[in-house]
Amino acid sequence: MGQAGCKELCRSLFDYKTEKYVIAKTKKVGLLYRLLQVSILTYLVASWWEGRRPKPAPTASWAWGNFPEGSNKADAHLLPPPHSWVFLIKKGYQDTDTSLQSSIITKVKGVTFTNTSELGERLWDVADYVIPPQGENVFFIVTNLIVTPNQRQRTCPESESIPDALCYNDSDCPPGEPVVAGNGVRTGRCLPLGDAQRGTCEIFAWCPVETKSRPAKPLLGQAEDFTVYIKNFIRFPKFNFSKTNVLDTKDRSYLKSCRFGPKNPYCPIFRLGSLVSWTGNKFQEMALQGGVIGIQIEWDCDLDKAPSECNPNYHFSRLDNKFSENSISSGYNFRFAKYYRDRDGVEFRTLMKAYGIRFDVMVNGKAGKFSIIPTIINVGSGVALMGAGAFFCDLVLIYLIKKSHFYRNKKYEDVRDLEFHPGSAESSRQGGAPEAEDAVGPGLSELPEAQDGGCGPKENGCVCRQLLEPSRSGPLGNGKVNMEQLQNLQTVEA
């Protein structure tokens, strides 16, 4: 038993499998197959067509439902939809470049006038409220201030709002040690606060220390009408393609009079109040505590089209978390000072705690151009998808439907080679017609029609008796099997 199994295993190593096409006359599986084909073709064609159809010139992507000055609801068709489906806009026939090279130049313009007790009458221009002045991709605009003027290096009491500065006697203020989160270094003295027993440590610092709280209204509330000019240069090195977001014109007055909007997508001059409102916030509230706004410029270029079709899209968002009004974590601020010398050459300064809005300009994008390699790859993937539909229908046909065993037997069939035996001619001469079955191979002897020799008029696949009898005439003669008869036997069997 073991030898027979081993022998069969060895023989199976040399078996060859080939496809057999069976036409199944079943409407359910046929309908399923056509539906799968139509679905796959629709997906492939829709992806190709959506990627190639012309798109309207994009302008900007504001918060949905908010429109800039000079626009109305009728301009809504100029804005891109809030969501896009990736499989509809993927251009599988293109080679892409995402290694975008970019440069940003920013300029802010606007003046305002203030009159305060600390600063008096003062005119604020770009050099006063823009930090840093170089015009980089990150810039800060001052909108509110706490001013502590005429600070000099000397001794004074530390602020009572500093927990580490509280004391009851001089031993609580060891000299030379800095005050944690304070403004200076302890001198060793404890200075009482009025009639209270508790006081604060005396420090050596820039005195007087900052004690004022944030103003209830922003100092530069009129900065809402300031403008910022954002110039962007981009380059896709793979395709050697360059472009800018500024209109190529010789009209010198264009940038002095235009404002960004649906009708002027290539005028990158933005009003500060509009930038804040497009993020869903109010300028006066943000100007009071400060905040961070992200300006994202996105370039999605189809280089199979004209260069004029490659347009920037702008997205505006608030990057810092908006807490409640009384939260200590709200807003954005920092301190800086301006230094002076008096007539005696003694240095003094004016300390400013600045609240304002920081703008982060970020650029990303990609470019695509037709290439034969990704086209071939994606077409091959589509053909493979079509084959997956046929594979799924095969599973349904031979495993899931009621007559699956019938179709399975029709699809998978074992076929053996027809072999000639050298002794078949002599056997046919001595034994007559019965030995003819062995001459045509063992496969035919198993046919029931060949064994009984019968052949009815309506029996399919039967082997007639005269075909099994050896031919005694013709070129072969003498009881040998004629090759024409053998071919007829194979045709009838098939």
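In case you wondered, yes, glycine gets a Cβ from its N, Cα and C as well.
Here is what TrEMBL records for this protein:
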type	residues	note
TRANSMEM	31-49	transmembrane segment
BINDING	Lys107, Val108, Lys109, Thr227, Asn333, Phe334, Arg335, Lys353	ATP binding site
DISULFID	Cys156-Cys207	disulfide bond
DISULFID	Cys167-Cys190	disulfide bond
DISULFID	Cys173-Cys201	disulfide bond
DISULFID	Cys258-Cys267	disulfide bond
DISULFID	Cys301-Cys310	disulfide bond
TRANSMEM	379-401	transmembrane segment
REGION	423-454	region 'Disordered'
When the Cα-Cα distance from Cys267 (disulfide bond) is computed for each of the recorded positions Cys173, Cys201, Thr227, Lys353, which gives the smallest value?
Thr227
Given the disulfide-bonded residues Cys167, Cys190, Cys201, Cys258, which one's Cα is the least distant from that of Val108 (ATP binding site)?
Cys258
Work through the binding-site residues one by one (Asn333, Phe334, Arg335) and name whichever has its CA nearest to the CA of Cys207 (disulfide bond).
Arg335
Between Lys107 (ATP binding site) and Cys167 (disulfide bond), what is the CA-CA distance rounded to a whole number of Å?
50
Please tell me which one of the disulfide-bonded residues listed here (Cys156, Cys173, Cys201, Cys301) sits closest to Lys353 (ATP binding site), measuring Cα to Cα?
Cys156
Based on Cβ atoms within 10 Å, give me the single least packed residue among the binding-site residues Lys109, Lys353.
Lys109
Cα-Cα distance, maximum over Lys107, Val108, Lys109, Thr227, Asn333, Phe334, Arg335, Lys353, record's ATP binders, Å:
24
Candidates Cys156, Cys173, Thr227, Cys258, Cys310, Asn333 (recorded positions) with Cα within 10 Å of Cys167 (disulfide bond):
Cys173
Measure the Cβ-based neighbour count of Phe334 (ATP binding site), defined as the other Cβ atoms within 10 Å of its Cβ.
13
I'd like to know which of the recorded positions Cys201, Thr227, Cys301 sit within 10 A of Cys156 (disulfide bond) at the Cα level.
Cys201
So of all those disulfide-bonded residues, Cys258, Cys301, Cys310, which one's Cα sits nearest to Asn333 (ATP binding site)?
Cys258
Does anything in the same chain, at least 6 positions from Thr227 (ATP binding site), have a Cβ under 8 Å from its Cβ, and if so what?
Val108, Lys109, Gly110, Arg259, Ile269, Phe270, Arg271, Leu272
Quick one: of Val108, Cys258, which of the recorded positions has the smallest count of other CB atoms within 10 A?
Cys258
